[in-house]
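Visitor: Okay, these came from Swiss-Prot:
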- 166-173, 191-195, 212-215, 288-291, 317-319: GTP binding site (BINDING)
- Ser173, Thr193: Mg(2+) binding site (BINDING)
- 76-85: compositional bias 'Basic and acidic residues' (COMPBIAS)
- 2-159: domain 'Obg' (DOMAIN)
- 160-336: domain 'OBG-type G' (DOMAIN)
- 356-440: domain 'OCT' (DOMAIN)
- 62-88: region 'Disordered' (REGION)
Amino acid sequence: MATFVDRVTVHLRAGNGGNGCVSVRREKFKPLAGPDGGNGGNGGDIVLVADPQVTTLLGYHRRPHRSSGNGGFGMGDHRSGHTGEDLELPVPVGTVVKSSEGAELADLTEPGMRIVAAPGGIGGLGNAALSNPKRKAPGFALLGTPGWEGDILLELKTVADIALVGYPSAGKSSLIAALSAAKPKIADYPFTTLHPNLGVVQVGDVRYTVADVPGLIEGASEGRGLGFEFLRHVERCSALLHVLDCATLEPGRDPLSDLDVILAELAAYPVPEGQLPLLERPQLIALNKIDVPDARELADFLRPDLEARGYRVFEISTVSHEGLRPLSFALAELVERARKEQAVLDETRPRIIVRPKTVDDSGFVVKVEGGSEGPVYRVLGAKPERWVAQTDFQNDEAIGYLAARLAKLGVEDQLVRVGAVAGSTVVIGRENGVVFDWEPTLTSAAELISSPRGTDARIGVNARPTRAQRREDYFDRMDAKAEARAELLREREAGLWKDDDAAVQGGSEETGRE
């Protein structure tokens, strides 16, 4: 069973915002106490936190679906709904957060760094919050918006100062075990190391981290062996240490050819934009296993050739610890130099300037798209899309409120500017946007999703009569019935017609008397 996972796709569902409440205060001797509907609670966020105690993404590989709490609905008596509980997900330091399309969202390189990966929905306002001098008792409330839902990609890139690279069984794991207190798996067969191992080395006042990555072979960039995808763990390293095996018995292999193969594979690895290519970083060479017979002679023979290439060479043995002390001090020197250079870069790095929105920023755009039945005008913007999501399209007053907000924002004026005419198809939102047929004589014309295309529930008159109207209608019907009965009585008395039932009944009585 896998114990180390460095790349995983996680499906997140943030909490939905609670709906606002429609309520009117009912109290004795106060018939006009006013609205008292509370607001809905906000949905919980899903937050990623860089935790130094976490070293793998295995937990998210086993449970890829995570969700936070929903916000509570508003209630009467000005009681707001509860806020949904946030969900904090600990991830290893060095985790890169990417969208499902591959765009980098955040790089959690320091312990304690946080990012809201999935924001929760916004709670809807109750009718108490929507009341004003002109709308004293709103008969509607705003709905809560849904929380963000989708997939993100978590990719772990080990944060280390020095990376050990080399062929399988070159002694990289033994070296990191000799330099630090790390205890990686060590065996005498290739590909013993299947995932990166980290070790902390203390040299004088300098402390640095060494990463042991799985071995590289020729063709790793084409997928041979374990491939070279794990080289993402080398991207953050400031220097490389090539560990060459001077005691290999495999035919066709020698330390120089091994080095050429490793350099070719490192050159084929694409580093992210803005980072220094792997081969342009400081590199040292460690000729390992000089304790083996004939290995020391081979190391002495190869050393001049490697130094002629510009490398600084160390002859070491992880068994006898020979040469490890000067190697550790040389690595510390590289780390100190890289840290000073990084400090200078951080000081000269351009600062991110957040500028406020311009005065004439409307907060939305109108795009004209082609359609089979003519142009489609799509309104995109945070405010219009959120307002549509918060509107209860089963409530006429809520639709009117949406129309007023869109008109005040300037949506109708912008539609006129881009060429929309009466009957044009307008969509607010993206894929699941609300479609309506635009009528410029109205403030807006939001179409009910459940109603036929081109109709608008706001245009219809509210057919529910008042109590006085029902009372007046009842008396009118009673008066009409009384007048009709009186008219029939007058016509019968005038002989214009006679009651057949009465005539039949009279004839039966005469027959009985005979």
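Glycine too: its Cβ is placed from the backbone N, Cα and C atoms.
Since the structure is predicted, the reported quantities are computational estimates derived from the model, not experimental observations.
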Visitor: For the compositional bias 'Basic and acidic residues' (76-85), what are the DSSP-based totals of helix, strand and coil residues?
Guide: 0 helix, 1 strand, 9 coil
Visitor: Any idea what the model's mean pLDDT is for the domain 'OCT' (356-440)?
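Guide: Summing pLDDT over the domain 'OCT' (356-440) and dividing by its length gives 84.
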Visitor: Give the number of CB atoms, excluding that of Lys289 (GTP binding site) itself, located within 10 Å of its CB.
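Guide: Its Cβ has 24 other Cβ atoms within 10 Å.
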Visitor: Anything within 10 Å of Ser173 (Mg(2+) binding site)? Look among the binding-site residues Gly166, Pro214, Lys289, Ser317, comparing CA atoms, and list what you find.
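Guide: The binding-site residues close to Ser173 (Mg(2+) binding site) (Cα within 10 Å), listed in sequence order, are Pro214.
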Visitor: What is the three-state DSSP composition of the region 'Disordered' (62-88), stated as helix, strand and coil residue counts?
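Guide: The region 'Disordered' (62-88) comes out at 1 helix, 7 strand, 19 coil.
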Visitor: Tell me the Cβ neighbour count for Ser173 (Mg(2+) binding site), meaning other Cβ atoms within 10 Å of its Cβ, over all protein chains shown.
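Guide: Result for Ser173 (Mg(2+) binding site): 25 other Cβ atoms within 10 Å.
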